[in-house]
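According to TrEMBL, the protein carries these features:
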type: DOMAIN; residues: 88-224; note: domain 'Peptidase S54 rhomboid'
type: DOMAIN; residues: 248-284; note: domain 'DUF6576'
type: TRANSMEM; residues: 20-37; note: transmembrane segment
type: TRANSMEM; residues: 91-117; note: transmembrane segment
type: TRANSMEM; residues: 129-150; note: transmembrane segment
type: TRANSMEM; residues: 156-180; note: transmembrane segment
type: TRANSMEM; residues: 187-205; note: transmembrane segment
type: TRANSMEM; residues: 211-228; note: transmembrane segment
Amino acid sequence: MRNNRLIFGINIGSKWTQVIMVLIIANASVFMLQLLFSTVSSQWSPQTIVSDVQVEYTPVQHRSYPAFDTFTKLFWLYPPDALGHGWLWQFFTYMFLHSTANPWHLIFNMLVLWMFGSEVERVLGSRRFLTLYFTAGIFAGICNCIFTPWTPMVGASGAIFAIEIAFAMYFPNSTVIFYFFPIKAKYLVMIFTSITIFNCILPRSNNIAHFAHLGGLVYGFLFVQYSYRVTEYLQKWQMYQHEKEIVKKQELRAKVDEILEKVNREGLKNLTRRERSFLKSASKWYKKNKD
């Protein structure tokens, strides 16, 4: 797979993984719910389009978005609600919402997830892949909140960008077809990154959450580069703590045995106050940490 040619990014013959299928079905199902709950689908305008692709940047209050249904406003990521009212679930749920005004927003994100996600999951495993996907989405949402704090946002693009850069790092020489031109994955991601950085430096009013995209790229890079090191460090730290606990238990037992020998020789009445206190503390510790 590392040097295979992909047709429109799809590795012909590779199977969908169950995780990728579930994510796509979940996103499509939420999109259908958005259409169901939307009561103003025929009244969209440049000022009211929701996408990831975010609502037009204006420093207004929540009531200034009356065109959006309750379902969307409950689960999109709107910083004044998420941070001001404690609606922290929005950092997670916004990833499943997409623009109902532009279905290509959902289609493109799911297509990219299909094209690159399965291969990345095979490298990471299902659990680590989901960790990358969701934590990247949350990090992307935080980045967008920092730089556009009054703007609602929906879409999985932050997570998708993380998957893209992860694919390019694991399979840098894989060839994909981009606008009918073959290009290696590593160069394609370089182009996307350059465009994203340019749009962050010189923002335009195009309703695209460029800072979320950049956040996804940065997080994806850091995850691939350092996640195994962090996991290795945590495992070593856990081993160290376990060994430290064993040493403490051995030292405690030796001290207890020493005091009990004194009891056998001289009787319980000859124990000092400190020795009595130590035995009580040791008894409590053994009860709490018994195997």
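Sequential numbering from 1, following the chain as shown.
Cβ atoms are placed via backbone N, Cα and C, with glycine included.
Secondary structure counts, DSSP: the domain 'Peptidase S54 rhomboid' (88-224) has 96 helix, 10 strand, 31 coil. Here the transmembrane segment (20-37) has Cβ contacts under 8 Å with residues 69-72, 96-98, 100, 103, 106, 109-110, 113-114, 117-118, 121, 133, 156 of the same chain, all six or more residues outside its ends.
Helix, strand and coil counts from DSSP across the domain 'DUF6576' (248-284) read 34 helix, 0 strand, 3 coil. Confidence over the domain 'Peptidase S54 rhomboid' (88-224), given as mean pLDDT on the 0 to 100 scale, stands at 90.
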